[in-house]
Amino acid sequence: MKVSVLAAVAAFAAATAIAGPVRPAGVGNDKYLIELAPGKTQWVTKNEKHQMKAAGQTFIDITDEFGTGFTASQPVSANYPKNSRHSSIVAPIIANLSKENLMRDLKAMIEFNNRYYESQTGVESATWLMEQVQKAIDASGIQGAKVEKFENQFQQFSIIATIPGSESTVVIGAHQDSINEQDPEGGRAPGADDNGSGSVVVLEALRGVLGSKALQAANNTNTMEFHWYAGEEGGLLGSNAIFKKYKSDGRQIKAMLNQDLAGFVKKGGPEQFGLITDNTNQELNQFCKMIVKKYASIPIVDTKCGYACSDHASADRSGFPASMVAETAFRDSNPHIHSADDVTDYLDFDHMLEHAKVAVGFMTELAMASNL
């Protein structure tokens, strides 16, 4: 990261930041409204968004909120279990999780030139992913289970798989898109870790849950949703659209677990999860720690990633409790992301399998929880 680039971005931000979402005179359709912190917004071009992303600046694109009166919400209340109560269901699911599936699925995802949200290959990769989800649902035979597209104002669509239950809903999500920060629209962006790893973890967790006869027999109390978001690299576009709609519709989203970066272990460093503690729900974070201790074989440490660093922030600002369990402490994250070098050579599939265990434990325990 060059100092000159950072200085230029800082100067640009200082010159163009505005106090609130007020459209300045002369702003055209080529400008996008982004939020860098609560209440701190500015209008930028797509290229400027890319430059800021490359310089390490995180943000959420709120262009479609302009003039709507949208305001961030406080999280809805939820009552999370203090201890695991359904290990007899979770343990067999975990035992059947497949590292080979993770490897196979990720190999397929990185074969697309990129999964950029405004590229044709971004649409093709989303189509492939949705086909895998549909196959898993078809194989399960679970009545009412379904997968749907969530269309966006850009090319790539988001994907939502649902296993029905009560109005209370538990979500596990991951963004499916990738980006090459040097050439966003056409550059090679395999996105093995960012975020092919999280995408295949959520897919394997879905397969595990769908394949559990014990869970089917127990008749899950709460609705389960598995999400794959489009356009995270453009400013949490896909997830923000979904959770804003859920807020508008009065949905009862009781918990959301974000899986973004799930495969990298720093050479010579400790193998551990990173629990994101900023812009997340502290009660749900404590539940995540319990799940990790119960079902995973590696520890978890607190870490921070900044405002709008990933899709949990979309759930959080719409008033839904959210957590993110990342591959490690943020300072030790994969240095190869957002480039052509984000490949599987740097990933640890055993570590990825640990993420899948946590995802299954999180979803199953909360799906069966009464009075969430």
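All positions are counted from 1 along the displayed chain.
Glycine is treated like the rest: Cβ placed from N, Cα and C.
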Exercise for the section: Please state which member of Asp138, Asp183, Asp249, Asp260 Swiss-Prot lists alongside His175, Asp194 for binding Zn(2+) 1. Expected result: Asp260
Completion exercise
Zn(2+) 2 binding in Swiss-Prot involves Asp194, His338; of Glu148, Glu151, Glu233, Glu283, the partner in that site is Glu233
Problem - In the chain carrying Asp194 (Zn(2+) 1 binding site), residues 6 or more apart in sequence that have Cβ under 8 angstroms from it - result: Ser178, Asp260, Leu261, Asn334, Ile337, His338, Asp342
Practice task
Let me know the DSSP-derived helix, strand or coil state of Cys305 (disulfide bond), please.
Solution key: coil
Problem - Sorted by sequence, non-Asp194, Glu233, His338 residues with Cβ within 8 Å of centre, Zn(2+) 2 - result: Lys53, Asp177, Ser178, Ile179, Glu181, Ala189, Gly191, Asn195, Glu232, Ile337, Asp342
Problem - Rounded Cα separation (Å) that holds between Glu233 (Zn(2+) 2 binding site) and Asn219 (N-linked glycosylation site) - result: 37
Practice task
For Asn96 (N-linked glycosylation site), identify the closest of the recorded positions His175, Asn195, Asn219, Cys305, Cys309, judging by Cα separation.
Solution key: Asn219
